[in-house]
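Working notes for the structure below.
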Amino acid sequence: MAGGSLAPAGVSKERAQQYQGKVTSYVVISCIVAATGGSIFGYDIGISGGVTSMDGFLEKFFPTVFDKEKKAHENNYCKYNNQGLSAFTSSLYLAGLVASLVASPITRKYGRRGSILCGGMSFIIGATLNASAANLAMLILGRIMLGFGIGFGNQAVPLYLSEMAPFRLRGALNMMFQLATTLGIFSANMINYGTSKLEPWGWRLSLGLAAAPALLMTLGGIFVPETPNSLVERGKTEEGRKILEKIRGTDKVEAELQDIIDASELANSIEHPFRNILEKRNRPQLVMAIFMPTFQILTGINSILFYAPVLFQSMGFGANASLYSSALTGAVLCSSTIVSIVTVDRWGRRALLIGGGIQMIICQVIVAIILGVKFSTDNELSKSFSALVVVVICLFVAGFGWSWGPLGWTVPSEIFPLETRSAGQSITVAVNLFFTFVIGQSFLSLLCAFKFGIFLFFAAWITVMTIFVYVFLPETKGVPIEEMIFVWRKHWFWKKIVPGYPNADESNVKQSDSME
């Protein structure tokens, strides 16, 4: 065990080759239950856009938007532009931002399961309030409770998955969160398609059914085990060993356990993780925790998923056709995530992120050209061009689904050392929800102002983020989560910034550098 005169050194030796174990049914079931938290996030993303296009919902809570929608001469790009309507969608994410920061100390002190349970219960309360909302205040309060649930769930679930998964399959198992998210989106779109026919009260059923995945996550959180990393960090080393043996299916876990113990000793020496994360040696992880979720949202995906029915109606689709089209995008997103699960631990993170980025850029530019040339502010697209727009948007969604969708969560959750892991995940979630809030609040106004140029706006951001990955993101496939520090030491840019841990084994550091 590495040690030091002033503070523990953390993980100073690469022991990955000594790790033993296999994928057990125990770890698979635990990950499936935990990933159900993703379905909560996805369900809300999918449900919001459909509900905000239902006449019964608009007439009750947003009558001015309802009246504007019925005006045939209204600017197609601007007829849904209302800050109150945007606040219904975006208030959840502002609340989630605050909750994610509160969740960090709870996740660290009381374990990942504690935050998962808090998130599930908050979401159940929020869904109940929304389904029974009698006025706008009650509706927004329900959204805020949903936001707290998402803040806790998104903070804890990716950490739980990264720590439970064997390192060689961590990418695939971690993506259970994104797969559950896409299933939630698809389910919400199909539910909206059905409840839209139950006017004027169908929106209540759509919002109330959000309690179903939340109930599953809450009940599952009671029975799934805590992660070995969290148990050791909280001084329960023997219990952590037993859980590690159970989830790896072997009693030969000394190497992995020693990495966890070394990491936990350093973690427990850090009193203020948020302050520690600002230190120079944590600079690359902090940069990724900020930029990965920022870029994930600036792909424009949430704009399409939030407002797909509104977007398709703005382009002249009928109400039923728009809901059907948005359900199609949800199905594409779900199926494309499976591609990522199958390939991420074989092809690596960088290849998927760069390839997906190029695909999304091409699709955004094509949509912008079609709308700019064929779609003015007072007419509709022809059936052939409408179908082409849907196809290209589906290709865009597929590109996101096998790249930035799952990896925007996977990469930040696996790169932090134990001492700053909860704080780092909180920053990732907070940044994600902040930009989700900004885009959710501003998209309808941006659509009104930029018109077809909104797609070029997002295409420009995707270009920037694809270059960013190519230059700054090292490959993390096949690296044990507690040995991620060596990845930064070997990267051409970050090795100039990241120093060795104090009193680390010098011979090991030299050996690591020689492997570049």
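Yeah, the Cβs are placed from backbone N, Cα and C, and that goes for glycine too.
It should be emphasised that the depicted structure is a prediction, and the values quoted were computed from it without experimental measurement.
Taken from TrEMBL, the feature domain 'Major facilitator superfamily (MFS) profile' covers 30-477. Annotation comment: TrEMBL describes 23-43, 85-103, 115-134, 140-161, 173-191, 203-224, 286-310, 322-344, 351-373, 385-405, 426-446, 452-473 as transmembrane segment.
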* Asked: Looking only at residues six or more beyond either end of the transmembrane segment (115-134), which have a C-beta under 8 A from one in the stretch?
  -> 34, 37, 40, 61, 99, 103, 106-107, 141-157, 160, 204-205, 207-211, 214-215, 217-218, 221-222, 224
* Proximity of the transmembrane segment (23-43) to the transmembrane segment (140-161), 3+ C-beta pairs under 8 angstroms -> yes
* Dominant neighbour of the transmembrane segment (426-446) in 85-103, 140-161, 173-191, 203-224, 351-373, by Cβ pairs under 8 Å -> 85-103
* Beyond the flanks of the transmembrane segment (203-224) by 6 or more, those residues with Cβ under 8 Å of it -> 29-30, 33-34, 36-37, 39-40, 43-44, 47, 50-51, 54, 56-57, 113, 116-117, 119-121, 123-124, 126-128, 130-133, 142, 146, 149, 153, 184, 188, 191-192, 195
